[in-house]
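**Student:** Sharing a structure, written as structure tokens. Questions coming.
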Amino acid sequence: MERDSSPSDQFHRYKNLIQNGDNPDITKERQGASFNLYNMQCFVYENDHKLQRRQEILEFVESHREFDDPVHPHFLNRDEQIDRATRKCLAMVDNLDAIDVTDYFDEAPLYQLLTIGRELHCLSLHYGMFLPTIQVHTEKSLILGPFQMAASKAILGTFAQTELGHGSNLSKLETTATYDATTKEFVIHTPTMSAGKWWPGGLGKSANYAAVMAQLYTSGESKGPHLFMVQLRDNAHAPLPGVTVGDIGPKLGNNANDNGFLIFDHYRIPRRNMFMKYSKVEADGTYIPPPHAKLGFGAMVLVRLLMIRDQTCQLGAAAVIAIRYSAVRHSAVRQGEINEGEGEVQILDYRTQQYRLLPQLARSFPSSQRMRSRNSTSKYVTKQINNNANMELLPELHALSSGLKAVITWEVAQGIEQLRLSCGGHGYSRASAFPDMYAYAVGGCTYEGENIVMLLQVARFLMMIAKEVRSGNPKLAEIAEYIAKPDAVTARISSWKTCSDEDIIHDFEAVTRKLIFATFDRLTTLERTMKKKEAWNACSIDLCKAARMHVKTYLVKNFLARVRTCEDPASRTVMHTLAKLYAFDLISGGGGHFMKGGFLSEKQFNEVQLGIYEMLAAIRPDSVALADSWAISDLELRSVLGRRDGNVYPALLEWAQQSPLNQN
Ligand SMILES: CCCCCCC/C=C/C(=O)SCCNC(=O)CCNC(=O)[C@H](O)C(C)(C)COP(=O)(O)OP(=O)(O)OC[C@H]1O[C@@H](n2cnc3c(N)ncnc32)[C@H](O)[C@@H]1OP(=O)(O)O
Ligand SMILES: Cc1cc2nc3c(=O)[nH]c(=O)nc-3n(C[C@H](O)[C@H](O)[C@H](O)COP(=O)(O)OP(=O)(O)OC[C@H]3O[C@@H](n4cnc5c(N)ncnc54)[C@H](O)[C@@H]3O)c2cc1C
């Protein structure tokens, strides 16, 4: 009797039948675009040099066999995932000449995405936080030593701050660093179980050093949390006496990263191992405070800025996948056929599908594009602090980075989930890349400052501004100038085709201002009968709403401003519609705030809704080209559904074939 053909034979039979050039639907979509793709890509990446560099880095990675994956990473267990990521890491850092390593915002993350994928790995914290901590917190005269050691990987570090008992509330961290003036050492100690460090990435197996946040005690006095450079493992990589360290086990995502725990037992380090750029402990134990109490948290501010761009790119990639898939996927269930008898339609033609996809695509542009200016803001602030001990801009930078981090990580995570749903069943498969993207994105809602906690930091800043404005003597940061503008009674928004950018900005600013002052008034009223902290807690939901709205207003203004800089008229027209869609979608979602007190009339609200529908229709023919404007290669995308050529089904068969369950 003839043997049944194996699953593998079947797969190949279908694969050969189906695969033949690019999917015709996706080709047609590209041909119908209203703008020149290259011009748009140059706008998205700000110049052709950046675009060119993306291509060069891609070619470099593709031409190096050590970056290949013999087995698809989705089919690996955790040990194998860690092995793979570590092998890739080594290849990655052995070839750092391929990129400008100081370009934290573009080249470095792209290189990592191309080589490893969207998994944190054993060196994520080394590059993501340990090196930045050395850069931000080491005195200029000493920086070369540790920085060179870390840069050359003679030491591999992590950032060990969070403890079992405390993460957000840094002032209550329990690990102690007690100065012993007789030996000129700090004694690092974990006094309680809840003081054990928990979470630091790369700590479980990989790092031999850590920047440790601990409560400083000197001359018998507590001086609050400070950072220390601590060696954890010896040259044979065994934990040093007084150090207990290990992995915390599997997590929702990021499983190629060995997040770890760390317990100290009266572990001694030299005095010079305290990061002393801003605050110092002299040899006799005298404490010199920093010029600003929160300068010690500077590395976190920098990483929050890095995360904004990194996370937004994930949303961009998710939109690319869902849009391309929607162009090649057809549906003809009876109720889905648009014109009876005309056969199947691309799911991209369903208005509900466009409503799922295009606002997310719009959302992915503003935050990624403004990143570069925030990068220069951060450089400017750092320079001010270093040169003149000028701390004036620090609260503004803290509020901006905290707010953007909170709003963007949340929107990215929600957006990825929406885009996953838009791909039906295939979106649920890991082949789509959505599950990995989502797991990565939701991690960002928690780490580097839990999002609600970050929003409340923005709210502190806004309440301070509101108080100053009410006192009639405001000294306003640039991002808050609109808060002092006079009240606006009616909204100016109208049809999307006729309303100007100024009208949109006017309405966003007016609504945010109202929200801020209504919250301020409620808070001050509560403070008359409650303790300040109780009043703050009672008001905190409104405080978060005001903070979110402030950040969204900032993003709308920046998106519109950025579009105005687009020199190519065809690209500008499409981007402008996308920016308006972004703004109108926010108004529609936040209708309650906009309609409060009759600010936005019902007629105007209807115009906003109608405008959204019309803009969806207007953008629809350009949607695949807009997805292409992200210039994301298949290697970077790592999604069977989002392949550039649109040949999704044979690729899905090929992917499934690699499942170990199909091997015997
Ligand atoms: C792409 C790279 C990937 C890398 C992977 C990253 C992996 C993850 C790593 C980590 O998660 S590391 C651990 C991160 N942990 C946190 O982010 C903890 C979050 N908590 C805090 O940041 C702070 O504790 C707090 C929430 C900001 C509050 O601090 P504190 O309790 O000390 O202050 P408050 O009483 O609330 O405020 C006092 C005052 O200080 C201002 N302020 C606080 N922080 C800063 C800052 N960084 N810079 C400037 N100013 C700051 C705050 O606004 C208050 O000002 P006023 O209102 O009094 O004027
Ligand atoms: C993937 C991942 C990687 C990480 N990597 C690192 C690392 O490398 N190094 C490191 O040190 N840490 C790391 N962390 C830890 C991370 O920084 C903390 O989890 C984060 O700061 C939140 O702290 P927490 O877990 O203590 O949450 P909590 O602060 O306990 O928050 C729990 C809840 O309480 C609420 N809450 C807390 N405080 C307030 C408040 N004041 N007002 C209102 N609500 C409040 C929060 O909003 C949240 O809903 C990582 C975490 C994750 C998930």
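Cβ atoms are placed via backbone N, Cα and C, with glycine included.
Feature table excerpt (TrEMBL):
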- 39-137: domain 'Acyl-coenzyme A oxidase N-terminal' (DOMAIN)
- 159-265: domain 'Acyl-CoA oxidase/dehydrogenase middle' (DOMAIN)
- THR162, GLY201: FAD binding site (BINDING)
- 297-463: domain 'Acyl-CoA oxidase C-alpha1' (DOMAIN)
- GLU448: active site, proton acceptor (ACT_SITE)
- 502-663: domain 'Acyl-CoA oxidase C-terminal' (DOMAIN)
**Student:** What residues, ordered by sequence, lie under 8 A Cβ-to-Cβ from THR162 (FAD binding site) and sit at least six positions away in the same chain?
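**Tutor:** Counting only residues 6 or more apart in sequence, the Cβ neighbours of THR162 (FAD binding site) under 8 Å are LYS197, TRP198, TRP199, PRO200.
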**Student:** If you count Cβ atoms within 10 Å of the Cβ of GLY201 (FAD binding site), leaving out that atom itself, what do you get?
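**Tutor:** A count of 26.
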**Student:** Run through the domain 'Acyl-coenzyme A oxidase N-terminal' (39-137) and tell me, per DSSP, how many residues are helix, strand and coil.
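**Tutor:** In the domain 'Acyl-coenzyme A oxidase N-terminal' (39-137), the DSSP-based counts are 70 helix, 0 strand, 29 coil.
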**Student:** Give me the CA-CA distance between the residue listed as 'active site, proton acceptor' and GLY201 (FAD binding site), in Å, as a whole number.
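**Tutor:** With distance taken Cα to Cα, GLY201 (FAD binding site) is 12 Å from the residue listed as 'active site, proton acceptor'.
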**Student:** With DSSP, how much of the domain 'Acyl-CoA oxidase/dehydrogenase middle' (159-265) is helix, how much strand and how much coil, in residues?
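**Tutor:** For the domain 'Acyl-CoA oxidase/dehydrogenase middle' (159-265), the helix, strand and coil counts are 6 helix, 48 strand, 53 coil.
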